[in-house]
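Peer 1: One structure coming up, written as structure tokens, with questions to follow.
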């Protein structure tokens, strides 16, 4: 049998940062499209506004630091951060919120720590937490999905509400479902109903639910899952963190559901609600703020999944990924320290 022998050097080509970011952005698009389909044009407006703010802030900081503006903008990291913030916040949130959050992510969280590759926390999630703590009402006011909404916002409606211009529309009319009741997210609805003494089965008879999952949110998560799988296929991310996140959340929610099925959401509900798939494939996998070794990445991802379940069921914020990711970011150096690969020729430890 003849074997083909290639000439040296026997190396593989590493992906440039800009290429990786481009692939991540492209794989985000299916989720963004589905999210716009269910929650209106406001999401796209928020994303575009966030991109403008992020690129402007990046350019200003690079100018002040006397670094190359072109090189910094062309790595696409600021644009990716902007898109993640834009899809994470409610689609009709006031314009100044996305401006504050994006500027905070780029200027404070990213560049105050030294720029790309030096930040301790995920910039998008740090910005989300800042906005959530500072403006809890606006950050938890989502409109009803288009398929069960009494009224869906047009492009003009979205612009008027986001930029607070015109007086012929208000947020409340877009929160009403076809049953005439103001809607919250499935996670919010279930948590509120359980706190009022209703069972899971009773809560899930509401219009915001479709079987075991939430209306709209199942398809949004499915779209981000599809994009995430393509991202894995393109080798832009590794499988360890995403698998750890989903496994940790699945195991924790399965235990809770088996122990108390009347007061806990099912594993399927947790996996396809809120930002689960978005966070598992596009947020938690940030290589700068995550653990570095393969075993460390699995532990890092699993920790996020478990924290999400604990915060969702015991905390005050039903979609807990931002807090879980930031807490795991804090733990990443410790995970790397205690889960170091054994050096060749040396014993473990």
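Here the Cβ of each residue, glycine as well, is placed from N, Cα and C on the backbone.
What Swiss-Prot shows for this protein is this:
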{"type": "TRANSMEM", "residues": "37-57", "note": "transmembrane segment"}
{"type": "TRANSMEM", "residues": "73-90", "note": "transmembrane segment"}
{"type": "TRANSMEM", "residues": "124-144", "note": "transmembrane segment"}
{"type": "MOD_RES", "residues": "185", "note": "FMN phosphoryl threonine"}
{"type": "TRANSMEM", "residues": "212-232", "note": "transmembrane segment"}
{"type": "TRANSMEM", "residues": "239-259", "note": "transmembrane segment"}
{"type": "TRANSMEM", "residues": "265-285", "note": "transmembrane segment"}
{"type": "TRANSMEM", "residues": "291-311", "note": "transmembrane segment"}
{"type": "TRANSMEM", "residues": "315-335", "note": "transmembrane segment"}
Peer 1: When you scan the chain for residues with a C-beta under 8 Å from the transmembrane segment (212-232), skipping those not six or more beyond its ends, what do you find?
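Peer 2: Distant contacts of the transmembrane segment (212-232): 23-24, 27-31, 33-35, 38-39, 145-148, 185-187, 204, 238-239, 242, 266, 268-269, 271-274, 276-278, 280-282.
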Peer 1: Considering only Cβ pairs under 8 Å, which range in 37-57, 124-144, 239-259, 265-285 makes the most contacts with the transmembrane segment (291-311)?
Peer 2: 239-259
Peer 1: Would you kindly list the residues that approach the transmembrane segment (124-144) from elsewhere in its chain, counting only those six or more residues past its ends and only Cβ-Cβ distances under 8 Å?
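Peer 2: Here the qualifying positions are 39-40, 42, 81, 84-85, 88-94, 97, 100-102, 104-105, 108-109, 150, 152-153, 171, 174-177, 183-185, 188, 208, 283, 317, 321-323, 325-326.
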Peer 1: Can you check which residues sit near residue 185 (FMN phosphoryl threonine), meaning Cβ under 8 Å from its Cβ, same chain, 6 or more apart in sequence, and list them in order?
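Peer 2: 142, 208, 214, 217, 273, 274, 318, 319 - these are the non-local Cβ neighbours of residue 185 (FMN phosphoryl threonine), listed in sequence order.
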